[in-house]
Amino acid sequence: MLALVCSCLLLAALPADTWSGPAAVELGSDTVEQIRDTHAKVTEIWQALTQQRAAQGEPAGALHAVCRVQPSATLDAAQPRVSGLVVFRQLGPGAQLEAFFDLEGFPVEANLSSRAIHVHQFGDLSQGCDSTGAHYNPLAVQHPQHPGDFGNFAVRDGRLWKYRSGLAASLAGPHSIVGRAVVVHAGEDDLGRGGNAASVENGNAGPRLACCVVGASGPAPWARQAQEHAERKKRRRESECKAA
């Protein structure tokens, strides 16, 4: 990449007659000095960019995406209005995907409940979450082996907050989920064990409460969620120490 940038800048910087005529291969001292200056500037820029990513704790090839969850436009008045954020990070093409799920607006129930979250085929929200299509299934396999079958998430006091790693989906390559929809369902995923056709298609997860379209992003949304994750772990440890 650095060599490519250098080449482009050099082509733009050198006079036109440098590349024509019998003496095209002979560079004067001024031109050589100009090449050295350009190389030094490009190297400085590249090092600054690399150091910036390193300071953020991110490798240069890390990929990020964000999905801002909103209630489906087709919900009945009695259904809950779920909203929030899903942020993704992949340290490079071929690396495993990880995500933070931060959602609220679920009913506050006495017992812990679980809700299914899946990636659906289309990023089309023109008819709410109903127009996102079926599960994204590029390899034509049965549920729950779809790349975006994220499974069930525990809801406590009307909120869902979870970090998950090792997800099968990807932000890169021919099966990227960027531009597709994340859908939050009203029910629990039976993980293909329901004994009917719907079970191996969608896990009998029920109506679609909320959804969003996955979009590429910078590292900032991930950094904020990672900070909250670290603070939660710290509070949990402190609570355990006090209880002991």
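Note: Cβ is positioned from N, Cα and C throughout, glycine not excepted.
Copied from Swiss-Prot, the annotated features are:
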BINDING   H118, H120, H135, H185  Cu cation binding site
BINDING   H135, H143, H146, D149  Zn(2+) binding site
COMPBIAS  226-244  compositional bias 'Basic and acidic residues'
DISULFID  C67-C212  disulfide bond
DISULFID  C129-C211  disulfide bond
CARBOHYD  N111  N-linked glycosylation site
REGION    221-244  region 'Disordered'
SIGNAL    1-18  signal peptide
From N111, H118, H120, H135, H185, C212 (recorded positions), the ones whose CA sits within 10 A of D149 (Zn(2+) binding site) are H118, H120, H135
Those recorded positions from N111, H118, H135, H143, H146, H185 that fall inside 10 A of C212 (disulfide bond) by CA distance are none
Nearest by Cα to H118 (Cu cation binding site), of the recorded positions C67, N111, C129, C211, is C211
